[in-house]
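Sequence annotations record features per position, and here TrEMBL assigns transmembrane segment to 27-46, 66-86, 98-117, 123-142, 154-175, 187-208, 426-442, 448-465, 486-508, 514-538.
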Amino acid sequence: MTVKRKQSLQESNSDEKNYKMVPPEGGWGYLVCIGLSVIFIAGTAHQPVFGFIYNDFLNDLGAGTGAVTVVYGVFQVTVALAGFSANIALKKLSLRQVGLIGAFIYTLASFLAIFVVSTTQLIITNGLLQGLGMGLLIPVSYTSFNSYFTKKKVLYLSLCKASIGLITMVYPLFIKFTIIEYGFRGTLAILCAISAHSIFGAIVMHPVKWHMVKEIKSCEKIVLIPPTPAVDDNEDKFNFPKVENGGTKNKGTRSVENLLIANNNKPKNGSQLLFVPKLDDSRRLSIPVVLIPDNAKTDSKFNSSDNVYLENLYKAASVSSLGNFGNIAAEPMPIIKNKEGKWQTVAEFLDLTLLKDLVYDNIIIGMSLAFFSDLTFFTLEPLFLDKNHLSRAEIANIIATGGATDMSARLLLAVSGQFFRMNSRYMFYIGALLTAIFRIVFIQYTTYIPLLVLTGVLGALRSFLHIAQPIVMAEHVPIERYPPAYGLYMLLAGFISLTVGPMIGFIRDYTGNYVLAFLMLTMCNVFCVLPWTIEAVLKYVMRRKSSKGNQG
């Protein structure tokens, strides 16, 4: 028995040396995809027909359709605030726990909505409580999805979005049937039962570490070093030797930069190292590491007994949440806490330090504007078509064509994702740019056939925005910072809806000109495309200068 036990221990130790744990790229991740689809179907599929469901009820109260706008506005604001606040909850609870809280709140709101007798109660149930529930569920769903997939995100998210879109398309017919058969309150009871399925969606959001799979790795050992000297300002303390001309001054220590020099036989400057993550399919590291072979002795010259270093060492993030970087298994760097007062504490607690990343700021501002523009355009389009004296049948055909091409494009992206690796930010950029161009063409026409064709094109381009939107940030920030990153995006998107939205609505009502409103929405796309283009040009110029400097 003792010999067998020793052999099993040796085998397990050998496995630890030869393998690393990586996301499954499937497995339980397929259930996570189903859970994500169920959550969004339960929470958002009925929103386009909200006015149809409550029309007679609101007319009986004498409230009119203005109450629909109020409820929807409260819902959007609450979703934004709750999405931002989800980061606070995730500091104490797991993703699945926060998701379950959101699902129970949303289901409770749907149950209470069955008994509403006034617009105030409707605002509380369908605006405030449902918004709170969905605000917690959205970042949890996207974070779980992004943690299970690194290589096939576009493929599986396209399938999820396609299923959501398909159900949303048939929802009006379903609601019409239930109202005829079961009446207003019966329909609300059925919607409550559908909302309860969000609990199942939250239950399947298992931590990814439960389902990690083994992958062969090179045997490297990681040594933690602080990013700045903890007690001593002596620069020599952190001078690790580098590889020169394919050789090494000291083979005992290699940095990430030196590792790349050794692999490519040519030096790389600091700015080029920003593009290291694109060399591998794995998720991005947020931390520098120093690599030491297993047979080498660690000779750390920094003062590891320093109290600040030790304090922050225990506050480092978990290894499983950081993932891996090619053949490098990464341990977290200790973060030296900057004790500058209450504001600094609040900023760290809410992870507002993300806003110091100008690329991240550029991403969330551009995405918020383009996504707001997309949603508002397709909301106003039926009114624009009606003003151009098109019949109801023609308007229905145009809207249906837009939805059909959107669905087809999502399925096409899913198939393409099986064969091609698509950069989500490029996808969003192309979608925003082409949408702006075709929207300008769209407003030049007032007849049926051109508007039908152009709506079909715009519907297809819409899929680029909706598929890429949850993935763009996941490819920029480390996975452990995705919830606060997406929460800040939701907060900004809510702010834009509250400010830019009413402004465009006021101008449209004051002038009665939908063309002007569509031009303003197109400018929102331009304010996404133009800064992203400038960023790309600046990066290109910096790379050219760096490469010339190295050659000189």
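Using the three backbone atoms N, Cα and C, a Cβ is placed for every residue, glycine included.
Note that TrEMBL annotation is computational and uncurated.
Here the transmembrane segment (514-538) has Cβ contacts under 8 Å with residues 359, 362, 365-367, 369-370, 372-373, 376-377, 380, 383-384, 387, 425, 429, 432-433, 435-436, 439-440, 442-443, 500, 504-505, 507-508 of the same chain, all six or more residues outside its ends. When Cβ-Cβ distances below 8 Å are used as the criterion, the transmembrane segment (448-465) is approached by residues 158, 161, 370-371, 374, 377-378, 381, 385, 388, 390, 394, 397-399, 401-406, 408-410, 413, 427-428, 430-432, 434-435, 438-439, 441-442 of the same chain, each at least six residues removed from its ends. Sequence-distant neighbours of the transmembrane segment (123-142) (same chain, 6+ residues past either end, Cβ-Cβ under 8 Å): 35-36, 39-40, 43-44, 50, 67, 70-83, 85-87, 89, 95-96, 98-99, 101-110, 112-113, 116, 198, 201-202, 205, 470, 474, 482-483, 486-487, 490. Within its own chain, the transmembrane segment (27-46) has Cβ neighbours under 8 Å at 53, 103, 106, 130, 133-134, 137, 141-142, 144-145, 148-149, 156, 159-160, 163-164, 167-168, 171, 175, 191, 194-198, 200-206, 210-211, 213, counting only residues six or more beyond its boundaries. Long-range contacts of the transmembrane segment (426-442) within the same chain: residues 154, 366-367, 370, 373-374, 377, 451, 454-455, 457-458, 461-465, 467-469, 472, 518-519, 521-522, 525-526, 528-529, 532, each at least 6 residues beyond the stretch ends and with a Cβ under 8 Å from a Cβ of the stretch.
With a threshold of 8 Å between CB atoms, the same-chain residues lying at least 6 positions outside the transmembrane segment (66-86) that come near it are 47, 50-51, 54, 58, 98, 102, 119, 122-123, 126-128, 130-136, 138-140, 350, 483, 486-488, 490-491, 493-495, 497-498. Counting residues 6+ beyond its ends, the transmembrane segment (187-208) has Cβ neighbours under 8 Å at 23-24, 28, 31-32, 34-39, 41-43, 46, 53, 94-96, 99-100, 102-104, 106-107, 109-111, 113-114, 133, 137, 140-141, 144, 147-148, 175, 178-179, 320 in the same chain.
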